[in-house]
């Protein structure tokens with residue numbers, strides 16, 4: 001009898017154990033296949049990454065020799081607040097994640113890098129979880145870097161962030177992860193936008209910091225949750241900052257499998273209705289509808305559509321990675337164009353000031369008259385008569401009131417005086433970089449030849465192929 005009772009107890013225990021395991025298996029979500037992600041981003045390829053060290057060295061030399069002298073002489077950084085460092089020239093492409101709180105930005109990064117259920121994964125949750133600007137970059141081992149260390153390291157591209165103060169640096173964190181994708185790209189996760197919170201409560205200029213990252217991002221993902229489309233004043237401010245960057249913006253309607261088909265269509269229309277006043281361009285940004293996390297899609301949803309949308313987004317990301325060197329050269333060339341226009345404007349202001357000054361004139365009153373009404377003296381119209389100057393590249397007239405408010409006109413020299421016997425003229429050097437050296441360097445990448453900036457034999461001095469992913 002005792003043996004029978006013991007046998008019954010053993011059988012009951014096994015049944016209970018089996019039931020518990022079944023419940024545990026049923027409660028654990030099934031993971032999605034990642035082969036499409038690895039194939040699209042070419043993470044399985046064993047070939048080494050393209051070595052652009054020679055091109056980067058030449059690009060850095062062109063910048064320091066031909067662009068930076070004019071940039072410093074006419075204090076361009078005080079107008080645009082965008083100082084280019086060596087770290088920025090050599091940096092990897094940056095992908096920026098923006099959007100309201102708890103829409104899945106951190107979860108999306110975890111999914112792209114396969115960090116879920118690993119010690120490396122970013123913390124996620126239903127509540128606002130990310131209060132820092134988190135830079136996820138490549139490193140030999142898992143390592144966390146404080147913001148003050150990142151800003152102090154001149155080899156990185158984040159040293160200019162010191163200007164936002166110590167309060168911000170405490171909210172900046174870097175994470176190094178040994179991942180193949182991070183060898184070619186850097187991800188930046190941002191704090192979620194909370195409409196009912198004043199940005200002043202953050203203790204640092206949140207919008208200015210966002211603008212800094214926006215100006216340097218190669219691809220910008222603006223993520224939304226279909227269950228809470230909260231488009232308010234703070235999000236409106238964000239899209240105002242994104243103006244002019246429409247070609248880099250990708251809008252993501254995340255967690256799409258959490259809604260039925262009809263509800264998803266309504267949300268899709270509501271999203272466009274809300275964003276239409278904020279994006280005033282003929283061709284709207286691309287919108288991706290999917291669920292970017294590692295678990296299987298919910299049953300009875302458009303799985304094939306979501307998968308195709310995800311692959312399209314991955315192809316977009318891969319294009320930015322493949323074109324990283326072309327983007328870098330195009331960005332430096334565009335920067336050089338703006339520096340040249342700024343120098344021409346300052347030179348014209350100075351020349352007009354000298355022409356209007358007499359022995360009995362009050363210099364301050366004369367220049368105030370010029371700055372208040374530059375059109376009266378044809379300042380900007382005269383610049384448009386110069387070669388290769390577009391009216392769409394001209395800075396705002398109001399910006400020069402502030403610029404000359406802190407930079408006296410008498411502290412500048414005319415462009416004709418910015419020449420030396422050995423070094424040549426600053427203006428001629430930057431024009432040569434814009435029209436010959438940088439286009440030649442760009443052409444040498446596609447042809448796989450060593451850059452030759454002494455002639456136009458390789459690509460000619462004509463127009464370079466259009467790159468729709470380049471920075472504006």
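Any Cβ shown, glycine's included, is placed from N, Cα and C.
Marked as signal peptide by Swiss-Prot on the basis of sequence analysis: 1-20.
What Swiss-Prot records for 89-330 is domain 'Dynamin-type G', and it gives sequence analysis as the kind of evidence. In the predicted model, residues of the domain 'Dynamin-type G' (89-330) average a pLDDT of 87.
The region 'G1 motif' annotation in Swiss-Prot covers 99-106.
Long-range contacts of the region 'G3 motif' (189-192) within the same chain, counting only residues at least 6 positions beyond its ends with a Cβ under 8 Å from a Cβ of the stretch, are 96-103, 105-106, 109, 122, 128, 130-134, 136, 171, 202, 206, 210, 213. Annotation comment: Swiss-Prot describes 189-192 as region 'G3 motif'.
Beyond the region 'G4 motif' (254-257), the same-chain residues lying 6 or more positions past its ends with a Cβ under 8 Å from any Cβ of the stretch are 103-104, 108, 223-227, 264, 289-292, 297-298, 301, 303, 306. Per Swiss-Prot, region 'G4 motif' is recorded for 254-257.
Under DSSP, residue 280 (N-linked glycosylation site) is assigned to coil, being neither helix nor strand in the three-state scheme. Swiss-Prot lists 280 (among others) with the feature N-linked glycosylation site.
Annotation source Swiss-Prot lists N-linked glycosylation site at 388 (among others). Long-range Cβ proximity for residue 388 (N-linked glycosylation site), meaning a same-chain Cβ under 8 A and a gap of 6 or more residues, is found for 337, 434, 435.
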Spatial neighbours of residue 280 (N-linked glycosylation site) that are distant in sequence (at least 6 apart) but have CB under 8 A: 243
Structural state census, the region 'G4 motif' (254-257) (DSSP three-state): 2 helix, 0 strand, 2 coil
